[in-house]
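What follows is a short report on a single structure.
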């Protein structure tokens, strides 16, 4: 199984069990959620004084006024809150309620003991325990030798040498350079300049020095240096036992405690494992975790709470509401639609919102702050509410969302936007509870008394006593410039045209200066009188210290440098003109072009290539053969006849044109072209809407074929089959006959669907019975009369066709198992008249004179038209009747003469299978016909080029009437004609009147489906039965 799905499964699935914050490797993070809570806030109420002023001469300032008190009330609010959640620390995943280490590579033959650290089973090596190479070998086939010196091992996959302590990588051939030791020679010798053992760092002290670090001097003696006894343990290690081994203090390990603890371990001899998570570092001496920014806790397992970030979570986030602050560095993660360092800038221009900023905001522009750049929700100005910020706050409420309450006394009105009271004249204060201060009067105490420099002023008429610095009786004239004080006798000491106060002599500096004597210029960022004004510039390099005019940066303009350059301009003071084409905009700071969707290039001068669109000219999703793609938004414009999101769907039947919006106007089964709506008519119809039938002597598709009838007779408008006059036959009516026959179509007979259902049920029962009696019936036919009237079905020769059915010898009865041709058996000699005529049968009428006496009976041939077939029209015919009526006459030397019968052809009378007429295999070869005695044998093969048409034939009324007149008997012919039962009552579909005496019932040998598709054999001759009583039982 691939490793990636295993990792995802390990990280994503939570098995049974619950994490505990005290469990190892469990960390805490904070998640935000929405909650409804009860919030307290202060609401003002007024308390009237116990006594009020009623004496008009009293100073109103000395009277007690109503006092305002605040009481705590509660309201329900919806706000965002956060809560801690437990999860496995980085490098671990949850399994059965515990956090187990996770290895990025599967430990094939081992187990994961720490994050990305495998403990291999015996005999296996490598980071993932998948190699069984012997020591000193590596590679996928373990056929490469490790090129590592000093018997060093190598990685079984990469061949990288694992150099032991004291040898230099990469090949472990050289010892550590002087002054270095340990693994990879990463530590410096601690021997006061002396060399050390490259493996464990033991010092090689020079003469005169001793100690584990050569830090103990030896005394000089007569016999050399005398050195005190020392132990090799470094870094405070304590010797143990007689072997000189050392017990290392916390943070050190090795034989002489010269190696610091490796990462992840601490304590004495580095035996304790660190438990610091989320990138925290462990102090190798104490094991205390030094957490990375964004995490706290004794194991660095807790993420900074919401709103805090940085080292030890000491910093406060400064992100806009709705944005999230990253705990590590405090960067703001903006919600959709906002950008900027604090997520305060909208991505969409003012007044627009949506994914492409294409939707206009519906907020009242005067009373709304903005609309949300993604979903368009209006942010109302304080004092306004409603979906579109067009509803003012109710009385005594104000603020954002009208959530705050206000209280205004003495007839004051509350301003819905700020909650400030608009007090009645003479009152002031947050709740209009106080009189105007001395020397003021009027609405909001904005008017001063007429002697505004008086010691005292009436709030009504402004009467006053002059103060220092003023002169004349009404205290309206100040001291002259340069003087101040009582009687204006002191001189001012103000520089840079500063003016001193006539009362105190304090200097009022001109804009741009400050100080006791106006001798100092304004500090940077301040301007104006007394440098009291702060520069109000958004994107500037400071402002003018005198009048505060902002010095705008490139790309900005306006009094506060708060307006970006207008469209089409950029640079300092927006003095440069953009050169972007095709609707592109330029960056106001540097003039770079930002192209509109559908264009590209440095100046947006090039459109997207065909088949691409949008800002990045991405691939269109339209079907290139049936549509075009809008270069801006990729919208597919379908060509006529196509529809769908990508124009890959053709118009549904009955529709055409652009967007398939036009309805087809084709009749009689015609279809219309999906692009231009032109009608494609069925054979036999023409005209723009297929409403016109074919003109005389024309037939076929669009009536483009000429009838091939030799005598100028009419032909079928769909198939072109000729309707021959009496005495002629053949596909083109060229064949004459001694005995002429006319086969006339009759009108279809209608019946209700219930009759069709009953007929089908009866037919099914009869078919089962007939199959059981079939073998006996064949034997019963043998030895009967050999004289039959053969009626051969042949297709009429159409324009361009190459086949015709030859006449059939009268001496034989044949049937051909062919889907387009069928042969009727000849009538038998005159038997006794039956008592009952079975079913609807096929009869052939004859009005020709009798044959010579040597003949046993009449030899008649009839060629049926090509449109003889099984047809159905639900509103006219049932499901089991053929739609032609034919007549048959028979004469015998002993009989009374020919008879004529008409009747509808049904599948019971014909014995024909519907499948033989509507078979999907229209091709067959009819083999040789039996030759007559004394006549040369002729072979006839007919290859069928197509199945019979399924369209109902159409005949003009005059042609049908003429055919019916031709079938009327002559008074002198001796022919008896029995009228069709359908001529007077079309509802009697299945009934036939009794036959005249001496006329046998019609017989039709139906074809059976051949076992070889497309090729049919000639079955044995079948003779009609002679006993009439048995014929009636069929």
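Every residue gets a Cβ built from N, Cα and C, even glycine.
Swiss-Prot annotations:
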type     : residues : note
COMPBIAS : 851-883  : compositional bias 'Basic and acidic residues'
COMPBIAS : 972-991  : compositional bias 'Polar residues'
DISULFID : 88-99    : disulfide bond
DISULFID : 185-196  : disulfide bond
DISULFID : 248-257  : disulfide bond
DISULFID : 270-282  : disulfide bond
DISULFID : 276-289  : disulfide bond
DISULFID : 319-332  : disulfide bond
DISULFID : 334-343  : disulfide bond
DISULFID : 408-421  : disulfide bond
DISULFID : 509-518  : disulfide bond
DISULFID : 617-629  : disulfide bond
DISULFID : 660-672  : disulfide bond
DISULFID : 681-690  : disulfide bond
DOMAIN   : 266-301  : domain 'EGF-like 3'
DOMAIN   : 575-605  : domain 'EGF-like 7'
DOMAIN   : 613-648  : domain 'EGF-like 8'
MOD_RES  : 923      : phosphotyrosine
REGION   : 823-883  : region 'Disordered'
REGION   : 925-1034 : region 'Disordered'
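There are 19 other CB atoms within 10 A of the CB of residue 617 (disulfide bond), with all protein chains counted. Geometry remark: residue 509 (disulfide bond) versus residue 660 (disulfide bond), CA distance 81 Å. Note on proximity: among 99, 248, 319, 343, the disulfide-bonded residues of the record, the Cα nearest residue 276 (disulfide bond) is that of 99.
According to DSSP, the domain 'EGF-like 8' (613-648) comprises 0 helix, 11 strand, 25 coil. The disulfide-bonded residues recorded for this entry are 196, 343, 518, 629, 660, and the Cα of 196 lies nearest to that of residue 248 (disulfide bond). Among the disulfide-bonded residues 257, 421, 672, the ones whose Cα sits within 10 Å of the Cα of residue 681 (disulfide bond) are 672.
Among the disulfide-bonded residues 196, 257, 319, 332, 408, 421, the ones whose Cα sits within 10 Å of the Cα of residue 343 (disulfide bond) are 319, 332. Working note on the disulfide-bonded residues 270, 421: by count of other C-beta atoms within 10 Å of each C-beta, 421 ranks first. Across the structure, residue 319 (disulfide bond) and residue 660 (disulfide bond) place their CA atoms 53 angstrom apart. Counting other Cβ atoms within 10 Å of each Cβ, the lowest count among the disulfide-bonded residues 196, 276, 660 belongs to 660. When the domain 'EGF-like 7' (575-605) is classified with DSSP, helix, strand and coil residues number 0 helix, 8 strand, 23 coil. Put simply, of the disulfide-bonded residues 99, 257, 289, the one whose Cα is nearest the Cα of residue 660 (disulfide bond) is 99. Per Cα geometry, 334 is the residue among the disulfide-bonded residues 88, 334, 690 nearest to residue 617 (disulfide bond). Residues in the domain 'EGF-like 3' (266-301) partition by DSSP class (helix H, G, I; strand E, B; coil) as 0 helix, 10 strand, 26 coil.
Less than 8 angstroms from the CB of residue 257 (disulfide bond) sit 233, 234, 235, 236, 237, 246, 248, 249, each of them six or more residues away in the same chain. The shortest Cα-Cα distance between residue 185 (disulfide bond) and any of the disulfide-bonded residues 88, 270, 334, 629, 690 is the one to 270. For residue 509 (disulfide bond), the number of other Cβ atoms no farther than 10 Å from its own Cβ, over all displayed protein chains, is 26. For residue 289 (disulfide bond), the nearest neighbour among the listed disulfide-bonded residues (88, 196, 334, 629), judged by C-alpha distance, is 88.
Taken residue by residue with DSSP, residue 185 (disulfide bond) is part of a helix.
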